[in-house]
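Q: This is the structure I want to talk about, given as structure tokens.
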Amino acid sequence: MANVVVVGSQWGDEGKGKIVDWLSERADVVARFQGGHNAGHTLVIDGVSYKLSLLPSGVVREGKLSVIGNGVVFDPHAFVAEIARLGAQGVTISPANLKIAENTSLILSLHRELDGFREDAASNSDTKIGTTRRGIGPAYEDKVGRRSIRALDLANMESLPAKVDRLLTHHNALRRGLGHPEVSHEAIMEELSSVADKVLPYVDRVWKILDDARRAGQRILFEGAQGTLLDIDHGTYPFVTSSNTVAGQAATGTGLGPAAVGYVLGITKAYTTRVGEGPFPTEQDNEIGEFLGTKGHEFGTVTGRKRRCGWFDAVLVRQAVVTNGMNGIALTKLDVLDGLDEIKVCTGYRLDGKVIDYLPASQGAQTRIEPIYETLEGWKETTRGARRWNDLPAQAVKYVRHIEELIGAPVAILSTSPEREDAILVTDPFQD
Ligand code: IMP
């Protein structure tokens, strides 16, 4: 298959950065198709660490074309800041190596503010989502509500006032209702004209550029952000992000047909973490959770928040294999489990006295389910840095094989440390 889509199998933070970087070296084009600067990828290249939120991982490598697809919500201020930050590290980003889809919706300051107002007003864990406060949800609401300002609108200052009026009719009604001051038409017009020149040179017909690349036999890497359980349809609604994070969105979010997507690789952590509110059946709010969090450095790259930690949930990942159509997984952070006497894996749930093998869709049921665990023997030796199956302790191999069986997908890549060379490659997704 010529193209590869990388998605998260859990609640995000599965370690996509390293795998995406490894794959981007083999790709010609790297495209983002959903989310925005709520994502956080850390890439380490030749000992230098690069932090990306909005830009595709391809930007740090010479000779790659990076693409921001129409499925992304695009904050022009974050864009300018990220380009400047990377520029200071010697990374050159120009319209020659980065394209932004003309039909991408913009995140403006009023979206960011609304995200914050709502989170501040939410008094308890039933109403609080624990968002990244980047304005992601409000921007997607405006897109679906057909009142977004889109990237191409910046090129047409004459038609902007009417669009801004429509946007403000909605937002100012909301702001009045929430007890916040209205935003003036002039302020938004000024905000838009202050970024127009910086964004417009990158704006293009991305669907066409990608189709041309595909026809020319170039390899496209579709870079997903967040994870399957944060998907607006397939996740733990309403404690989700506001986009489709599953692999199908790679097509819709860039303007290609589904057949262009190719190999679907699910990045899967050897245990489970989640940031923000919402159900988490295998959460370990105890010394096991502390152990995993400390050893796994589980703090958010975007907000710095401490991640909640728990055992591997095979039910969730098995479902993610189906909803994404995963061909294989990249298993990450196995070494965090080194040294544990025993390791638990969730294989099913008990719901109202019945045993079920799927995540129920209802919010109420998701909070009532109790995990059913299998207990596996741990290992004392280190798995860190292993590059061959023979380097791994027998119990660790057993754990990996058991996970494959439980989730119904093979391990294509086993990552054994943040270093790019520390991995066992079973299948190269671009060659499969
Ligand atoms: P939003 O995407 O900022 O609206 O946040 C909605 C939910 O998704 C919150 O629980 C966030 O913590 C979570 N979230 C958003 N982006 C990421 C990410 O990149 N990694 C992990 N969680 C995320």
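The backbone N, Cα and C atoms fix where each Cβ goes, glycine too.
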Q: Of Thr169, Thr241, Thr323, which does TrEMBL put in the IMP site with Asp13, Glu14, Gly15, Lys16, Asn38, Ala39, Gly40, His41, Thr132, Arg146, Gln226, Arg305?
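A: Of Thr169, Thr241, Thr323, Thr241 joins Asp13, Glu14, Gly15, Lys16, Asn38, Ala39, Gly40, His41, Thr132, Arg146, Gln226, Arg305 in the IMP site that TrEMBL records.
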Q: Could you tell me which of the recorded positions Gly12, Asn38, Thr42, Lys143, Gln226, Gly304 have their C-beta within a distance under 6 angstroms of some atom of ligand 1?
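A: Checking each Cβ against ligand 1, the ones under 6 Å are Gly12, Asn38, Gln226.
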Q: Just checking, which of Gln226, Thr301 (binding-site residues) has the fewest C-beta atoms within 10 Å of its C-beta?
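A: Looking at the binding-site residues Gln226, Thr301, the Cβ with the fewest others within 10 Å is that of Thr301.
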Q: Based on Cα distances to Arg307 (substrate binding site), point out the closest of the binding-site residues Lys18, Asn38, Thr416.
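A: Comparing Cα positions, the candidate nearest Arg307 (substrate binding site) turns out to be Asn38.
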Q: Measuring Cα to Cα across Asp13, Glu14, Gly15, Lys16, Asn38, Ala39, Gly40, His41, Thr132, Arg146, Gln226, Thr241, Arg305, which the record gives as the IMP binders, how far apart are the two most distant ones in Å?
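A: Among the residues the record ties to IMP, max Cα distance equals 35 Å.
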